[in-house]
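K.L.:
My questions all concern the structure below.
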Amino acid sequence: MDRGLSTGTHNDNEGLRERPVASQSASTLSPEALTATGDVEPKDTGKELKTYGRTPDGTVFTVPQTHDMVSQLLSPSEPKNLSDIIVLAILGAHILLIWALPKGAKVPVSAVLYLFWRAGYNAGIGWLLHNQSHHKTLVRWAEKTKIFVNPATGQNPHPHLYNLIKRELETKIPHDYSFEKAPLEYNTWLVFRRLVDLILMCDFTSYCLFAIACSHHPVNESLLMTVLRWFSGIVLVLFNLWVKLDAHRVVKDYAWYWGDFFYLIDQELTFDGVFEMAPHPMYSVGYAGYYGISLMAASYKVLFISIIAHAAQFAFLVFVENPHIDKTYNPPPPRKRTIDQDTASTTTHTTDSPIAPAPVDENVPHAPTFSSRPPPSVHNLLGFHNLDLYRITDTSSMLVQFLVFAVTVLTPSTPWYQFLFVANAAVWRLWYSVGIGYLLNRQSNCKAWTRHFVKYGETPHEAWNQWKGTYHLSMIMCYASFIAAVWKMYTLPSDWGYGLVLLRHVLGAGLICLQIWTSVSIYESLGEFGWFYGDFFYDESPKLTYNGIYRFLNNPERVLGLAGVWGAVLITSSGAITFLALLSHILSLAFIQFIERPHMQKLYGQSIRRDAGLVKNLKRSLPPPLKQLHGSMDKIVDGSFEFIEDFLENARPKLAAGVDTFVKDTTALFQKYPARVTITRIDEDVAGYDSRDYSLEVEGTDSSALAECDQSSGREGANARMPLDRRGDLKNLVFEYGAPIKVKWTAPLNHSKKDWIGLYRVTDNTSREITKVSSQGRWIAVNEGSYDNLTCEKGIVSSDVVIPAPHGDNREMASGEVIFSSDKLFWTQGVFEFRYHHNGKHNVMAISRPFEIRIRRFEEEGHHEMMQTSVENSLLPVVRNCFDRDPEVAPETVDEQFGSLVERDGKYAKRVVFAVHQMFGIEFAPEVVRADGTVRNLAWRICNAKKVLAPYNRS
């Protein structure tokens with residue numbers, strides 16, 4: 001079946017640097033740029049169309065043609081410059097070093113060299129790109145050093161470096177490029193390219209040197225094995241070379257060197273060839289050559305270091321590439337806004353809501369609500385983070401896994417027990433494919449599963465939930481019993497170096513990892529709805545789209561989804577496990593052919609794609625005779641399946657009577673990456689400043705009336721109940737939860753431009769002179785351009801505004817304002833303070849008045865309808881604060897939908913559930929906030945939860 005079913009939008013951004021360029025407004029582009037973007041039809045002018053780039057500030061420029069690093073370095077036709085000579089000299093030094101070393105030192109030295117350059121690639125370049133993506137660090141370095149400013153202006157302190165860079169770059173790009181006219185971002189990217197060239201060339205060269213140092217001919221290896229080993233290795237290397245060349249043909253130097261971290265091109269990018277064959281081809285199949293070289297070297301050392309390098313490359317993809325791709329090309333869609341506010345305002349506010357049960361439910365508690373739409377996915381089943389031992393499905397799954405584990409470990413591995421475990425695994429595989437397949441077939445044809453629950457007064461949603469539990473438990477038992485059988489059949493090798501023992505284990509582990517990755521990719525593409533075959537239960541199915549892994553394969557579970565069972569075959573070398581693997585594969589293919597495909601054809605018809613990206617490319621590459629052979633084989637296979645279908649159709653009445661009665665009935669991931677590592681340092685020149693010249697004044701959304709009401713609660717002594725006797729005009733500062741806080745600062749005119757203000761709990765720091773606790777990103781610089789990131793400048797309102805000094809002093813002071821909001825706030829209750837720090841260090845020059853963040857406790861009203869209205873009114877400003885008052889996320893009214901960013905970033909929902917817990921004493925999961933989608937729905941849920949829990953809250 002083409003399970004390219006997705007509840008999300010179509011997303012094709014699955015290849016390495018495979019980035020569709022964000023379209024720009026046609027009115028802001030030149031005619032040439034409009035031609036490049038396709039907004040204007042190109043005219044036949046006899047000239048080659050040029051590519052136009054766009055910097056973040058909107059500057060449009062011509063992107064000159066450049067060449068790949070191998071051609072630049074080694075091709076005699078390409079001009080050479082000093083940086084090329086330096087790179088070639090470093091490469092030559094590597095070769096000479098390995099050649100000159102004694103035999104015993106070649107392997108460790110070459111390994112250290114390679115690991116150094118690999119770390120320079122994945123950690124070094126990764127760190128630079130991460131900071132460039134988030135803070136424009138490289139461009140800011142160029143701005144601060146002024147290395148691209150013409151020395152004729154007198155502003156460049158490095159004229160010789162300017163001339164050197166100018167000569168180097170213009171030598172490499174003789175056409176359509178002017179160093180003086182090119183944007184700062186483009187010149188910075190060109191310099192960054194030279195660093196990348198050095199690291200990548202040294203990385204590959206040191207790897208090859210390590211492989212040469214480790215290469216040997218295995219003892220007693222037959223001639224046939226040697227030929228096969230070298231032939232396979234050469235094929236993998238040639239395939240790797242084709243992947244690299246084809247990828248460069250598609251993405252050019254712009255994406256090859258991560259150009260979109262610096263600027264965008266006003267041109268639609270097309271991705272074909274290797275980008276239709278595999279996800280992230282440069283990082284997945286693009287490393288096949290490493291394993292080919294490992295084969296030719298016949299060295300496990302080379303194999304293991306190749307695996308380490310490949311894993312590091314995937315880490316680079318996950319932590320650097322993918323976040324930038326999502327930020328640049330996958331912004332959240334515009335939020336759904338209320339079309340007619342007047343209509344919304346006149347709607348009667350009853351206990352009903354879009355998610356509330358109909359009024360009839362108040363009188364008939366178990367009345368079913370029939371809906372063709374799937375319920376919102378709030379409490380998912382899959383994943384350790386969704387484990388909930390209060391749920392019977394999860395408890396049952398954990399118990400049966402524990403029982404399987406206990407029986408497996410506590411019983412001996414005798415032939416009789418091995419037979420029992422293999423038979424048990426075979427039975428569960430038969431149930432998982434044949435039994436579940438039968439149930440789904442009945443559900444597809446006559447809604448048998450849903451009808452059973454409706455017959456007993458349940459809802460289709462209840463039938464769906466019970467089905468998910470049944471399928472989940474069946475899947476758990478299928479794989480748990482298979483793993484138990486593998487455990488019983490496995491024997492730990494006595495000699496890991498004998499024959500292919502170690503290789504079999506490495507390949508087996510790799511296949512198991514491949515199946516895990518495939519399953520995760522399938523789940524990410526289909527979601528909970530598609531994973532549990534939701535379109536068998538709900539007629540209103542989402543549009544059939546092909547994204548994620550389904551962009552490349554129609555049925556990834558057909559081959560890749562069972563790679564792990566064949567990995568177990570390699571590891572165990574057992575005939576019984578081979579039988580289980582064959583049984584699993586045959587049954588899975590039959591399940592796809594007889595259950596999934598007919599249902600998909602009935603549901604989606606002609607919209608089902610015949611060939612996925614990989615198959616299309618393979619067919620395109622086949623010669624005509626092989627294409628004809630492929631067509632003949634397709635006819636044979638289709639005819640065979642038709643025969644089997646006819647046979648089963650005729651036998652169905654005889655089997656139905658017996659089969660129809662068969663079935664009737666923690667992780668949490670937290671991430672806390674401090675944006676600032678705090679090390680206590682005392683600045684030597686702090687003595688030249690008077691701390692009395694520094695001050696901080698705090699302003700926020702006032703909530704002090706709540707504090708004043710709480711001061712006299714009747715729990716204090718008689719004197720404490722009296723009004724406060726204030727000897728000044730100051731009053732307690734109590735601000736709303738999540739509301740932005742403005743900080744006004746004053747400092748001497750000669751204050752350091754690297755001064756900064758941090759937010760802390762009052763109890764965090766015992767010292768008033770030095771801050772010894774990390775700000776964890778809750779800090780703002782007082783001046784722009786002083787630090788190499790943009791995050792610390794978010795919130796600056798004004799800087800260095802000259803004002804007269806207070807207290808009548810005949811001098812002037814500098815002042816400014818910053819606003820702390822969003823991630824720069826503490827999302828909890830407590831007492832906090834701001835600290836003004838000197839010169840980028842942690843010497844405290846001023847501390848603000850302490851202020852309290854408090855969430856007002858909701859006061860209940862008697863009437864339910866009035867209570868819900870009050871809850872809505874109290875909840876709306878809190879939700880808006882939790883959503884940073886962002887117009888693309890925060891609702892303006894109680895009926896307005898939350899922005900789509902709430903679905904993508906879990907912090908917003910977590911803020912809301914904390915506030916709800918403090919206000920109403922009701923604890924929700926973050927998924928509830930995302931599922932409700934509006935303040936009104938959430939208020940309805942709160943009111944009903946309080947009504948349900950009221951009997952248990954009585955004191």
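Any Cβ shown, glycine's included, is placed from N, Cα and C.
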K.L.:
Does the record in Swiss-Prot have Ser77 and Val107 facing the same side of the membrane?
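P.N.:
That fails: Swiss-Prot puts them on different sides.
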K.L.:
How about long-range neighbours of the transmembrane segment (300-320): same chain, 6 or more residues beyond its ends, C-beta under 8 Å?
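P.N.:
Residues 16, 107, 111, 114-115, 118-119, 121-122, 125-126, 129-130, 133, 207, 210-211, 214-215, 280, 283, 287, 290-291, 293-294, 502-503, 506.
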K.L.:
Under 8 Å between C-beta atoms and at least six residues away from its ends: which parts of the chain pack against the transmembrane segment (473-493)?
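P.N.:
Residues 393, 396-397, 400-401, 404-405, 407-408, 413, 417-418, 421-422, 424-425, 427-429, 431-432, 435-436, 501, 505, 565, 568, 571-572, 574, 576-577, 580, 584.
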K.L.:
Which of 82-102, 195-215, 223-243, 389-410 shares the most C-beta pairs under 8 angstroms with the transmembrane segment (109-129)?
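P.N.:
Ranked by Cβ pairs under 8 Å, first place goes to 195-215.
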K.L.:
Let's see if you can do this one: DSSP helix, strand and coil counts over the topological domain 'Lumenal' (244-276), in that order.
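P.N.:
Breakdown, helix to coil: 20 helix, 2 strand, 11 coil.
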K.L.:
Below 8 angstroms Cβ to Cβ, which residues of this chain, lying six or more residues outside the topological domain 'Cytoplasmic' (411-418), approach it?
P.N.:
485, 488-489, 576
